[in-house]
Amino acid sequence: MALGTELGVSWPGSHGSCREQEGQRQRGPGKPTWGLSRAKKRLLWRFFLSAFGFLGLYHYRFIIIRLIEGSIPMGTCPTAIMPLPRDNFTGVLHHWARPEVLTCTSWGAPIIWDGTFDPHVAQQEARRRNLTIGLTVFAVGRYLEKYLEHFLVSAEQHFMVGQNVVYYVFTDRPEAVPYVALGQGRLLRAKPVQRERRWQDVSMARMPTLHEALGGQLGQEADFVFCLDVDQYFTGNFGPEVLADLVAQLHAWHYRWPRWLLPYERDKRSAAALSLSEGDFYYHAAVFGGSVAALLKLTAHCATGQQLDHKRGIEALWHDESHLNKFFWLNKPTKLLSPEFCWAEEIIWRREIHHPRLLWAPKEYTLVRN
């Protein structure tokens, strides 16, 4: 047998080059085969792409959810209602100036957005009536060192500028309240309160404490009162345009959500419970206000509801905020503040938020609640 025939190769000259015959070269015994078919490669690539997609969705889920939420329509003020809402401080409201947002409620109360009111008219009306506005804030435990000074300094710059203001700081350490230079016609009173062991109890103690203060010195020296959380700060004018008999704040995180998704208390045993067919908006307990008479009614309702829940051995999902939302369902607010008046920077940019007036401070719960 010829050598070339035995080895299965062709010599140069026979076909122009030395090459294998009978197809591909055979692999040696015991050597693994790493080649994948085209179908298997496609499946592998799809797996990796899906895995990276799910990882990206998990990592950026907050941004994606907020982008989707921003596309939920808010609705518009019905033409039949638009001429009706007026304001005792700003006069006729310009609802047509903000067609992209809801500027009134179904019961005819205005929702205050930037551009819908004239701030100068409100300031002049408040001065004409020589009003005194109370601002209450609770600074208990580490909330005092962490937030109070920034809150007060920013309030002096932006809250009811040019008006008579009395600050009521409720704290377990009145002697530690920082000194802040106050303008003419502005006072600060530090009021002692007991420090509770749980932060939930601190939150729920607010309503009975406010009720007592409104029935005492605060109610005697203030015409209107606003109750704010301390872990936020003013960044823009927060003036008399916000004043009304009963004022509620739309929650920045929930103002576009449909009603059935709102985090109301759903436990029927709770005094704060709302059914799936109840509720108008979700209101933020970080900002609410009104006349002394209206706030006496509000704080009494919430304090009583909390006591009933305590006797039943339950707590509402969002504590005093849940009871506040129940009150506003039963007693419609006469004015609503848009999320511009209490905004969270963690929420991605929204085109309808023109000038935030109040911003949430960074939440450091592990520090201030322990």
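Using the three backbone atoms N, Cα and C, a Cβ is placed for every residue, glycine included.
Look at Swiss-Prot and you will find Glu321 tagged as active site, nucleophile, backed by similarity to another entry. Summarising the annotation, Swiss-Prot assigns Mn(2+) binding site to Asp229, Asp231. Taken from Swiss-Prot, the feature N-linked glycosylation site covers Asn88, Asn130. According to Swiss-Prot, the feature region 'Disordered' maps to 1-33. Taken from Swiss-Prot, the feature topological domain 'Cytoplasmic' covers 1-42, and the record attributes it to sequence analysis. Summarising the annotation, Swiss-Prot assigns transmembrane segment to 43-65.
Feature map: Swiss-Prot annotations on the structure.
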| residue | record | DSSP class |
| --- | --- | --- |
| Asn88 | N-linked glycosylation site | coil |
| Asn130 | N-linked glycosylation site | coil |
| Asp229 | Mn(2+) binding site | coil |
| Glu321 | active site, nucleophile | helix |
Whole-Å Cα distance, Glu321 (active site, nucleophile) to Asn130 (N-linked glycosylation site), is 32
Here the recorded positions are Asn88, Asp229, Asp231, and the Cα closest to that of Asn130 (N-linked glycosylation site) is found at Asn88
Here the recorded positions are Asp229, Asp231, Glu321; the one whose Cβ sees the most other Cβ atoms within 10 Å is Glu321
The rounded CA-CA distance in Å from Asp231 (Mn(2+) binding site) to Asn88 (N-linked glycosylation site) is 30
CB neighbours within 10 A of Asn88 (N-linked glycosylation site), counting all protein chains shown, number 14
